[in-house]
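Here is the structure we will look at, set down as structure tokens.
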Ligand SMILES: Cc1ncc(C[n+]2csc(CCOP(=O)(O)OP(=O)(O)O)c2C)c(N)n1
């Protein structure tokens, strides 16, 4: 029993050593709760003390009391072990049945983690199944996303809008129960998981966003942002390198409200992990600065509850993130297959399911859940009461700090501030008027500097290349862990962790309240790639600043010179890849990236990430009239036309200068050509047919030029066109030397045009 809590509950000065009966505690609880709240809801709960079970009081109210008083009362309340296990068995049964029905899926992890999930979701997780978008809800991430039936069972049982028919339709076309959880499809799914390790990293991003938002918006006596992020991880997540990147940063930044449960079942697809994963996982996380709760029996509700109380205590005390190491049996309940890889990823089969029903004492048919189990799982009354209490706090906050409350609402909705579009346009106009010749990475910093003032939600960072990526701005402060807690800042030193950075940024975006961007060299986008893909799939507004975008970076040589990266990023659906040619295009690219819609809750439909590919070297400023400046936002536009052009040269980024040079050279030889700048092919492809035909008229031969692989460009130039590019790796030498060496020259572009005429 938590004596402090009891003392406070009793409030009568009795010392902790005094013997207090359960009835005393109950009476004091109810009295205290009554003083604090007049709304007392109905359901009863059982209170355990000294092995005796008594039924009294009201668990909704007790939890509300805990919430209001800031105390941990779980210790006072414990459902009976038999009851806990039937609630967990409901998860096991649904997982077995759904996987069997789909003839596909992963029953092992849901059955093994059912007890952990039951204790967490019914006693600790602060969520409201009736409102999956409640801003201050705890976040829950199933990083071992193959165990999706665990999450679907939890959502269904606790009362989210996920009817049993959806579970019967597990893994079927257009069901709300896809193979792996997908944000935007199923209410209550906070992130799309399946690529192992990334869910954990998303959770780190969510915890980071929570901590920053709390720093930014909470005021003394008004903790309107105050929630935990919980994640489930398996061996697979922890084997993945990204788990190191994200967990190391989480420990360094002391993200205390991050609580992770490790499903230590010793099994992965190939069998017993001890043969390929023999790390000292607890020691590893202690090394990161985490609190580690070792040897927790993942099937003992009381032990789990105690661990969760302890983890939340660490969170409340700001002692850093916590890893709860739970020993579990994969597929627990399947009498012949549990504990083996056989239950990991295939249906148990009719006979084993029948045997499991007997072993679990679960005499119900497939997808049948008895009413009392449904009733006990129902999280709506408790959730509503938690949300109501928060709403009252928020209303008080809004009264005391109306401007901050309005700003917080805007930020959480992902809306841009009123007037942003006009202010951004004014910046673009001023940029054009300044006519500066700088590197596009520098132009990007100019845009960041301007936009950071307009958008307090911009949260920058870099994977240890801040001074090269130019992702900081004058006056920005870094996020730091201090003795007093997280020091607020808008620049994150992600360290040399490109993949971790990208997945953490996804978590920040998913949490809401910030618009994250981060930088590295374009070549290292390969490291971050799957998280970019996930951002695109999840339609999250995240901006990647990829500098040093070609052989133009020079002496660092082929290891650092991107050749295939622009083309390869363009293959990712829903990722906007911008490769601007000067300050004006860079400012426009930034504006377009920021204006992609934010995805909030189930409104994850239109937005998406952007990648800005930026040069190390200076790029000449290009004059344009206002109409041409506006056309940049169309993705491709006529930059310089000619009277009756005989061909079109399409170029991006640093090669636009070559295209303009070739146009001049050809004009001198009597050959009129049009130059099209195509900073973003995806945006151009989405324009109406009239625009596309006006920019690239049918019948005009085309040449494309880009300092990278040529393959993707045939889509625009056709097989009769020509592409001037680079289909080999680069070399180590000064940039100017390399452009000549690889014949990325005005002469070659002009010659290519003449060849196709
Ligand atoms: C990045 C990545 N690699 C591979 C897989 C395929 N995969 C799915 S589950 C799994 C094994 C995971 O083992 P564990 O986390 O122990 O899960 P359990 O067996 O306990 O369900 C693998 C390799 C994946 N989903 N993601």
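The backbone N, Cα and C atoms fix where each Cβ goes, glycine too.
Cβ neighbours within 10 Å of residue 498 (active site, proton donor), excluding its own Cβ and spanning all shown chains: 27. What TrEMBL records for 498 is active site, proton donor.
For residue 560 (substrate binding site), other Cβ atoms within 10 Å of its Cβ number 18. Look at TrEMBL and you will find 106, 344, 441, 468, 548, 556, 560, 616 tagged as substrate binding site.
According to TrEMBL, the thiamine diphosphate binding site annotation covers 146, 194, 195, 196, 236, 265, 344, 524. The secondary structure of residue 236 (thiamine diphosphate binding site), as reduced to three states from DSSP, is helical. For residue 236 (thiamine diphosphate binding site), the same-chain residues lying six or more positions away in sequence with a CB closer than 8 A to its CB are 144, 196, 197, 268.
The Mg(2+) binding site annotation in TrEMBL covers 235, 265, 267. Packing around residue 235 (Mg(2+) binding site) is summarised by its Cβ count: 23 other Cβ atoms lie within 10 angstroms of its Cβ, all protein chains included.
Positions annotated as domain 'Transketolase-like pyrimidine-binding' by TrEMBL: 438-621. Confidence in the domain 'Transketolase-like pyrimidine-binding' (438-621), given as mean pLDDT, stands at 96.
Per TrEMBL, the feature site 'Important for catalytic activity' maps to 106 (among others). In the three-state DSSP classification, residue 106 (substrate binding site) falls within coil.
Among the features that TrEMBL reports, site 'Important for catalytic activity' is placed at 344 (among others). Long-range C-beta contacts of residue 344 (substrate binding site), restricted to its own chain and to partners at least six residues apart, with a cutoff below 8 Å, comprise 106, 108, 109, 267, 268, 269, 330, 331.
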Out of the recorded positions listed (235, 498, 556), which are within 10 Å of residue 194 (thiamine diphosphate binding site), Cα to Cα?
none
Any idea what DSSP makes of residue 498 (active site, proton donor), helix, strand or coil?
helix
Cβ-centroid neighbourhood (8 Å) of the Mg(2+) site, 235, 265, 267 excluded:
112, 234, 263, 264, 266, 268, 273, 328, 330
Would you kindly give the Cα-Cα distance separating residue 195 (thiamine diphosphate binding site) and residue 468 (substrate binding site), rounded to the nearest Å?
30
Check the binding-site residues 196, 344, 468, 560 for any whose Cβ is under 6 angstroms from an atom of ligand 1, and report them in sequence order.
196, 344
Between the Cα atoms of residue 235 (Mg(2+) binding site) and residue 265 (thiamine diphosphate binding site), find the distance and write it as a whole number of Å.
8
Among 146, 195, 265, which are recorded as binding-site residues, the nearest neighbour of residue 556 (substrate binding site) by Cα:
195
Just how many other Cβ atoms lie inside 10 Å of the Cβ on residue 106 (substrate binding site)?
26
Taking just the CA atoms, what is the gap between residue 146 (thiamine diphosphate binding site) and residue 498 (active site, proton donor) in Å?
24
Can you figure out which of 195, 265, 498, 524 (the recorded positions) comes closest in space to residue 560 (substrate binding site), comparing Cα atoms?
524
